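K.L.:
Structure below; questions to follow.
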């Protein structure tokens with residue numbers, strides 16, 4: 001049994017013998033299985049026709065100064081702890097001034113009851129600036145500059161991995177995703193424990209490996225490349241798809257074509273290809289609604305720390321992109337109500353996202369440019 005969402009949701013007696021080939025996925029509600037999490041998502045494509053009178057989001061700030069001496073992420077600026085940033089010209093890494101994890105936190109001790117368990121949580125939190133300019137984002141950077149970011153990510157896995165079981169690299173882009181500073185940056189949290197999401201991914205990939213004798217995401221990438229219906233971008237080394245089980249409207253999954261455990265395992269050529277495909281993907285996002293597109297993204301690779309000595313062949317490196325927007329720059333998807341209490345749900349099907357005028361149009365017209373132009 002897959003871990004996470006667990007059993008198939010109880011659907012009762014089947015009311016139709018409709019086959020997969022004759023079932024119109026874009027017209028009827030149905031459930032889709034997420035093998036990474038062991039959970040299900042409800043797809044309700046017919047709901048895209050409903051009117052919207054809910055919250056309208058403000059457009060992202062456009063007039064961002066290239067250098068603001070009061071911005072703590074800019075070169076030469078003073079941060080909250082009093083330190084002054086160097087006049088960096090490429091990437092810049094520093095310890096988070098307000099870390100969620102610290103390396104020397106005390107152990108809470110044994111629980112006095114099984115319903116009130118605690119565990120020690122230690123780690124480090126770092127901030128990595130992508131570029132010295134505040135008015136630039138990854139899709140506006142040169143491919144060579146993005147390659148430098150990727151190289152630094154790999155270095156951080158090599159540096160922190162031997163000590164910590166999990167090193168999470170993630171980027172929150174845009175105020176809509178809680179980003180408090182417009183300067184292009186990401187965060188790196190290394191922890192003494194394996195967090196919930198990678199824990200589920202580890203269990204489910206391991207079970208798939210045991211039952212099928214194949215690496216789950218290698219098999220999945222091959223299947224998606226053959227079927228073509230959810231492929232957004234591809235090159236010789238990488239594949240970008242809207243996953244079959246996507247919850248967020250324009251969610252994407254970035255996959256290597258060969259079996260790779262962690263970022264440091266990528267060759268120089270694969271890193272070049274990754275930088276190129278990232279620029280193209282993020283350009284497509286920006287052009288979708290002609291704004292600097294908000295998202296949360298992050299990398300998942302095989303666990304580190306003590307797991308470096310274990311056989312982790314069931315793992316495959318991958319990156320998740322989770323944008324919140326639904327139907328325009330001002331309408332976002334909210335995970336509330338039924339989704340918090342019962343089951344994740346989406347309206348637009350993954351296939352509609354790829355085949356509609358959304359990604360498809362901008363793939364044809366704007367592969368290497370983005371909006372607004374620098």
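Heads up, the Cβ atoms here are built off N, Cα and C, so glycines get one too.
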K.L.:
Among 52-78, 79-105, where does TrEMBL put the label region 'Disordered'?
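P.N.:
The range carrying the region 'Disordered' annotation in TrEMBL is 52-78.
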K.L.:
Tally every other Cβ atom lying within 10 Å of the Cβ atom of residue 179 (UDP-alpha-D-glucose binding site).
P.N.:
16
K.L.:
Counting every protein chain present, what is the number of Cβ atoms, excluding its own, within 10 Å of the Cβ of residue 47 (UDP-alpha-D-glucose binding site)?
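P.N.:
Looking across every protein chain shown, the total is 12.
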K.L.:
Per DSSP, what is the helix/strand/coil residue tally across the domain 'Galactose-1-phosphate uridyl transferase C-terminal' (205-353)?
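P.N.:
Per DSSP, the residues of the domain 'Galactose-1-phosphate uridyl transferase C-terminal' (205-353) fall into 57 helix, 33 strand, 59 coil.
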K.L.:
Could you tell me the mean pLDDT over the domain 'Galactose-1-phosphate uridyl transferase C-terminal' (205-353), as a whole number?
P.N.:
94
K.L.:
When the number of other CB atoms within 10 A of each residue's CB is tallied over all shown chains, which of the binding-site residues 97, 339 has the maximum?
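P.N.:
Checking each of 97, 339, the winner is 339.
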